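To start, the structure itself, in structure tokens.
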């Protein structure tokens, strides 16, 4: 999350808990001062707060993932939705859930702080859990059970049942909107990044965070999904709900230990200020470089800041007008009279970083669209295949995505410890390959995964039709889906991790919230694109006595054509990505030369395209 920028906004009127346990930074920067004002900082909570922070995050993740990991099957079997409607519900909900963290980050940074954002969001998450747990528990909240194998007609949900479902998912979206953008930064807040001990603590916190996250996903996709699939939906939803309640209790127990960082102006406000100031000064003429000394507002960064000073560049040059100092725009103490008319060079260059990355960001949407099928039509495939391992155990359809996770878990250590050092000797690049190359390789794997998924679906459907069983299940093992899931695991290992690292390295340090939000928006865009494609194909394919590609009976449809369509879009997207990547100018580069040396952007243009 962003480091504390120097803003002139007054503190929020909402008081934080126990200020004596908190950390408050009162810093100012101006266009005329040479040094920032003194900073008072109290001792951080450090590892004393970690049992509560990590415990809360672990239980919350286990609860939310455990509740929704098998949700496609729940909508198909309990709510009696067809696969198009169920896919729409999941895609739309996923889109909303991944866009709303932008709002959560803004509210947290500008008004109430991370603690209260997480606290309020956790309450909404708990309400969402309870709402969804009531659905399988109370008969009036879900459609009447039926058995289509004996000829019973299954009725879908009525308006009130669907409304109750939407209300529960809405509560979960609000909860995720507050928890996702704040959980990691709140953990980082507990350490003092100005000390060696604090920086080591932050590094260890990230390791523990992602380790616990991986363990949680595996448990959710195996044990919790198995209970939902084979024991009871009520128990399978009830367990995550209880865990979320424990998460909430654990979070509040640590209130006397936490460090509370005072909310200041959000980076999103700073971005808007640049565009507003540029618009107000659009008629000004920019000076020549030789005459630019003293023309632009360029205050020093606060003492102890980990943010690197960004020099003024000519890229998107019209934005530079926002930093031109005009008469009467500076107070006697050196501060701008109106931050909506005068911005600093640092603010302008931060916005340029965002504009430069947007074309690369847009290419991730189609790649994520391929990955999104693991939770929708891959589950539909699995439900019509033999899922038995031995005479008694049956693999839950929602558990299959764990194959991708296992692939990632096995591949990453091999890649990091063996492959990267070998490639580094050849390319002399610190990461072995560039981040954009890593993202591009992930796109290739996602395309291959969709092609393989289409081929396997043809085999599955032909087997089901030839066998002709009443339940429509093909007499082939569900492990036929493993190749497409393994390829998707490689796609995630290269593309997702590459995107996260790319955003965090290419943005200034205080814009990490924007980096995380961009990644979340990629997932949201992919969800909406997937929903758009599903509805278009459902309404336009088929006809003349033939069902559409995505008809309710998957054995009568042509899901493989949907997969091929995504693969084709992926190929076009790959060409566009290569075009964008070859023209991208990295902020920094690390080259190996008996050590690691940073290279400037000039070197980047000359020797490191894509």
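The chain as shown is numbered from 1 upward.
Including glycine, each Cβ sits where the backbone N, Cα and C put it.
Automatic, uncurated: that is what TrEMBL annotation is.
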I'm validating the feature mapping. Which of 188-207, 208-227, 268-287 is tagged transmembrane segment in TrEMBL?
208-227
Name the residue range among 476-497, 586-607 that TrEMBL annotates as transmembrane segment.
476-497
Scan 1-44, 45-88 against TrEMBL and say which stretch is down as region 'Disordered'.
1-44
Leading stretch by Cβ pairs under 8 Å, where the reference is the transmembrane segment (354-373) and the options are 62-80, 92-112, 208-227, 435-456, 518-537:
518-537
Assess whether the transmembrane segment (476-497) lies in contact with the transmembrane segment (208-227), where contact requires at least three Cβ pairs under 8 Å among residues 6 or more apart in sequence.
no
Give the nonlocal contacts of the transmembrane segment (208-227) in its own chain as ranges (CB under 8 Å, at least six residues past its ends).
50, 54, 57-58, 61-62, 65-66, 69-70, 184, 187, 235-236, 239-240, 396, 398-399, 401-402, 405, 409
